[in-house]
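Straight from Swiss-Prot, the features:
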- C27, C29, C95, C98: Zn(2+) 1 binding site (BINDING)
- C48, C50, C53: Zn(2+) 2 binding site (BINDING)
- 20-166: domain 'CENP-V/GFA' (DOMAIN)
Amino acid sequence: MSPSLHPLLDNGITKGDPNFPGGNLYCKCSSDKVVVKLASNVAHNHACGCSKCWKPAGSLFSIVGVVPRDAVSVTEHAEKLSIVDASAAIQRYACKGCGVHMFGRIEKDHPFKGLDFVHAELSDQKGWQEPQFAGFVSSIIEQGFHPKGMEEVRSKFHSLGLETYDALSPALMDLIATFTAQRAGVLSANL
């Protein structure tokens, strides 16, 4: 039996609506759920194999995208949120009750500061952007996945029409490199 990439991928990808306006994310608690309102659709939605992202039980990958920071608001039970790892670049706010990561925020100087990382699957609304690529694919080995299974994992992604990377997509890596070059003064800040 092949491994589960993620429930949103295992049976094919459902196309999102490019005009989707956003919606609410809910933690997995049976009562007193944390509710996070997103005032926009996600962008750069992707499967992520890193060891930091929240993943559904049995899944090798998370599905995570970004929204503008000012599009994120906690509307119910903010008191249940705590930061998972204060030393990480992305401050992941998780529910203390169920452990689900509700959003991740970057506070330090970083190419993605101003964007919050979210798991749109925590919404009961349909229309969120579908996954665009798979990132940090090799990182699942660091979490115990046998290296001999990597060809099958990459083949599954390719059969879904998703490119696989061992970092982020080229467009996002270009953004990081541009930020770094501008900070170093080798590129103009006004491109």
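Each residue's number is its place along the chain shown, starting with 1.
Glycine too: its Cβ is placed from the backbone N, Cα and C atoms.
In this structure the C-alpha atoms belonging to C53 (Zn(2+) 2 binding site) and C98 (Zn(2+) 1 binding site) are separated by 15 Å. In sequence order, C27, K28, C29, V34, H77, K80, L81, M102 make up the list of same-chain residues 6 or more apart from C95 (Zn(2+) 1 binding site) whose Cβ falls under 8 Å from its Cβ. For the domain 'CENP-V/GFA' (20-166), DSSP puts the residue distribution at 26 helix, 49 strand, 72 coil. A gap of 21 Å separates the Cα atoms of C98 (Zn(2+) 1 binding site) and C48 (Zn(2+) 2 binding site). Within 8 Å of the centroid of the Cβ atoms of C27, C29, C95, C98, where the record puts Zn(2+) 1, the same chain has further Cβ atoms from K28, K33, V34, K80, K96, G97, G99, V100.
Using the Cβ center of C48, C50, C53 for Zn(2+) 2, the list of other same-chain residues with Cβ within 8 Å runs, in sequence order, G49, S51, K52, K55, F61, S62, V64, G135, F136, S139. Listed in sequence order, S62, G135, F136, S139 are the same-chain residues six or more apart from C50 (Zn(2+) 2 binding site) with CB atoms under 8 A from its CB. Per-residue confidence over the domain 'CENP-V/GFA' (20-166) averages 96 (mean pLDDT, predicted model). Fewest Cβ neighbours within 10 Å among the binding-site residues C29, C48, C53: that distinction goes to C29.
Listed binding-site residues: C27, C98; maximum Cβ neighbour count within 10 Å falls on C27.
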